[in-house]
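Chemist: Feature annotation from Swiss-Prot assigns Mg(2+) binding site to ASP13, GLU15, ASP200; the stated evidence is sequence analysis. For SER127, SER128, LYS173, the entry in Swiss-Prot reads substrate binding site.
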Amino acid sequence: MEAKPRVKVVLLDIEGTVCPISFVKDVLFPYALAALPETLSTEWDSSSFLPYRSAFPPEHSSTPEALLSHVRDLMAQDLKIPYLKSLQGYLWLRGYESGTLKCPLFPDVYPAMKKWKENGAKICIYSSGSVAAQKLLWRYTAEGDLRGCIWNGVDGAEEIEGGYWDTVNAGLKQESTSYEKIAKANRALGEVGEWLFLSDNVKEVRAAKESGMKSFVVVREGNADVSVEEKNRQVLITSFREVEAMVEVTGESA
């Protein structure tokens, strides 16, 4: 019997892959919009808020009203602008800390992550949400604080924190060069062909495969439909439990 391909590193998307799209669209985004007016009113000149305000273009950060209007426009268009993502993470912090926000993971996610880590594999995250927002989400899940499951090594040569990636430190998720950069920064963990990227987005899966990574499309309730053409081209899974039917997820220490 032919041995299954080996995977040393699993790279995970978040929205639609480990948690429902509805948590982001219907819970996190509305929370940020609702919290923003009071934050602008009470923290406009505060040292903690200034870095987020200063990241916005001058024409949109001259007054609280201008910034609020710009944020509403960006979110209405679902644009993934880095300075917007950073601000959202700042706004979500209090919601997570107060217990108002808690990320509901799909039931197969944590057991799979736990098993992969126990087998010596490494787990990394790549999302359009900022690294700060990613860390909040994994800290405050319905399963508890799962940051310990995620690789937190630092590549000394490039001074990049290896476990969390977004569109700022990696690049756009539909470009193969972004996946090449992630694998190169963590080259001690395994060759690019020993990485597996899991995402609900077919275009991201294509880009990851172009870089040399393995990649599967994750099909979840509430996700966009996958075309018949792509179903014939891609490997589709409906649960992380299906991953090890196709690859062996294990690290050097296993």
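Each Cβ is built from the backbone N, Cα and C atoms, and glycine gets one as well.
So where do these features actually land, and what's packed around them?
Modeler: The Cβ of ASP13 (Mg(2+) binding site) lies under 8 Å from the Cβ of TYR126, SER127, LYS173, PHE197, LEU198, SER199, ASP200, ASN201, GLU204, VAL218, each of these being in the same chain and 6 or more residues away along the sequence. Secondary structure at ASP13 (Mg(2+) binding site), taken from DSSP and collapsed to helix, strand or coil, is coil.
Secondary structure from DSSP puts SER128 (substrate binding site) in coil. Counted within 10 Å of its Cβ, the other Cβ atoms near SER128 (substrate binding site) come to 20, all protein chains included.
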Chemist: When a 10 Å sphere is centred on the Cβ of SER127 (substrate binding site), how many other Cβ atoms does it contain?
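Modeler: Step by step: centre on the Cβ of SER127 (substrate binding site), count other Cβ atoms within 10 Å, giving 25.
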Chemist: Compute the mean position of the Cβ atoms of ASP13, GLU15, ASP200, which form the recorded Mg(2+) site, and then list in sequence order the other residues of that chain whose Cβ is within 8 Å of it.
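Modeler: Result: ILE14, GLY16, THR17, VAL18, ILE21, SER127, SER199, ASN201, GLU204, VAL218, ASN223.
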Chemist: In whole Å, note down how far the CA of GLU15 (Mg(2+) binding site) lies from the CA of SER128 (substrate binding site).
Modeler: 9
Chemist: Near GLU15 (Mg(2+) binding site), how many other Cβ atoms are within 10 Å of its Cβ?
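Modeler: Counting Cβ neighbours of GLU15 (Mg(2+) binding site) within 10 Å gives 22.
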